[in-house]
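Taking it in order: structure first as structure tokens, then the write-up.
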Amino acid sequence: MAAPRTPLPLVLLVVSAALLSAAPLSPAAETGAAAFDVRRHLSTVTRYDVARGSNSVSFAPSMSDECRVIHLNLVARHGTRAPTKKRIKELDRLAVRLKALIDEAKQGPESDSLKKIPSWMKGWESPWKGRVKGGELVSEGEEELYNLAIRVKERFQGLFDEEYHPDVYSIRATQVPRASASAVAFGLGLLSGKGKLGPVKNRAFSVLSESRASDICLRFFDSCETYKDYRKRKEPDVEKQKEPILEHVTSALVNRYHLNFTPKDVSSLWFLCKQEASLMNITNQACQLFNEAEVYFLEWTDDLEGFVLKGYGESINYRMGLPLLKDVVQSMEEAIVAKEENHPDGTYEKARLRFAHAETVVPFSCLLGLFLEGSDFVKIQREESLDIPPVPPQGRNWKGSVVAPFAGNNMLALYQCPGKTDGGKISRDQKSSYFVQVIHNEAPVSMPGCGNKDFCPFEEFKEKIVEPHLKHDYDALCKIRPVAREEPSSFSSRMSNFILGLFSQKGYRVSAQDVKSEL
């Protein structure tokens, strides 16, 4: 089922009103009332420390002091990375385009209009000019994962006291270098002081990876043909839903700076803003082209894309993550068996730590039912389509800067609690009770499937949150049904039918802006 679309005239009306009432950002405006910070509105390009700093979740722990964590699952996105090779080329093209726009303005009759052109634009070159490789983990990304590990170790004191063994503390990553580098940075923080290597006493550790072609646990999106088919069909529709925003922001920028920007230029300038603000802490160049309202709307277009193509926009987006959900639950069940059978510490797994991508973290968050509005959890259990995130200035739960910033993560902590007592007697049996706590970006979150509790009995977690998904099977979900075989025809006839078919499918349009990059 396709996700419902917000009617375009309504979007146009809302956008027009907001843009007309807003003014460009300026240093003075930023230092005013509880200041707007563009770095908090970069969707999935948001730095982890910024995302955590804007996390307003407050909670009162609902667990007993007698409960002890016995197992931890971590599913984390890689840390802050450099632009990918395709995006580097886009920025190189932007530099050429900006020079052409400025040259064109110089030829115009109004010389005063040149004064409106931001000084940084004149002679601007991409900071990544000449780079032929991209997408690697940068030093800021290394620090994000290293510091996360330090905090995890402090938070779950006692869980990481065992002598390191890869079967006790399993570290896994995809074969993409930025993910495996993130795993290494996390491992260095987790095991710092545990070895004999160098002055800080590091130790070697294992990072396991599956082949990219067969990794259905962390790269399920690579092997799911149904999902790839859905995404291919849906991308043009998403671009069409973004058009009113880009067109109105373009019109505003043309009037403001007297340069003949196109929507494609604005899209590239917004991307440059995100890279400058996230990787370089520069907010007074590309980002300052946009006023506050425009930033909110551009952020919404990014969040819309993530919602429709990776999140709740269609059930295949998250149901293809079943192998990961099963792996998480299996690891917890094995830990419970080890505890119930009194296996000694050091003989069973205590943590399973995974490092992957936004395309992994987002579907996993959806499988858990996080970031939903109102009664939406019931809808996803019935596989009903959800409305797209509300357009600004309305608030929304679904924000890429919260759902999957750089180094964004979900932790599922399994706790063992003493059996409940009734008048001094242990009720039912003498076995311990086990509970699951979901912690998103280091803040406990309530689970709609568990009565909005943040501390859910393990059996209830399985029954209410996990089992409704288990009626599906990854192989069955991810195989496209075979098309009925046709009678042989000539090559020219087949090619003609193929081309006609492409243009007859609703929602298709030709676009030179089809820039795909793995997050």
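Using the three backbone atoms N, Cα and C, a Cβ is placed for every residue, glycine included.
Please treat TrEMBL annotations as automatic predictions, because they have not gone through curation.
Taken from TrEMBL, the feature disulfide bond covers Cys67-Cys417, Cys273-Cys287, Cys450-Cys456. Per TrEMBL, signal peptide is recorded for 1-22.
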If I take the Cα of Cys67 (disulfide bond) as reference, which of the disulfide-bonded residues Cys273, Cys287, Cys456 has the closest Cα?
Cys456
To see if you understand the setup: which same-chain residues, six or more apart in sequence, place their Cβ under 8 Å from that of Cys450 (disulfide bond)?
Cys456, Pro457, Glu460, Phe461, Lys464, Ile465
Disulfide-bonded residues compared (Cys273, Cys417) - the one with the fewest other Cβ atoms within 10 Å:
Cys417
Between Cys417 (disulfide bond) and Cys273 (disulfide bond), how many Å separate their Cα atoms?
48
Using a 10 Å radius around its CB, how many other CB atoms surround Cys67 (disulfide bond)?
19
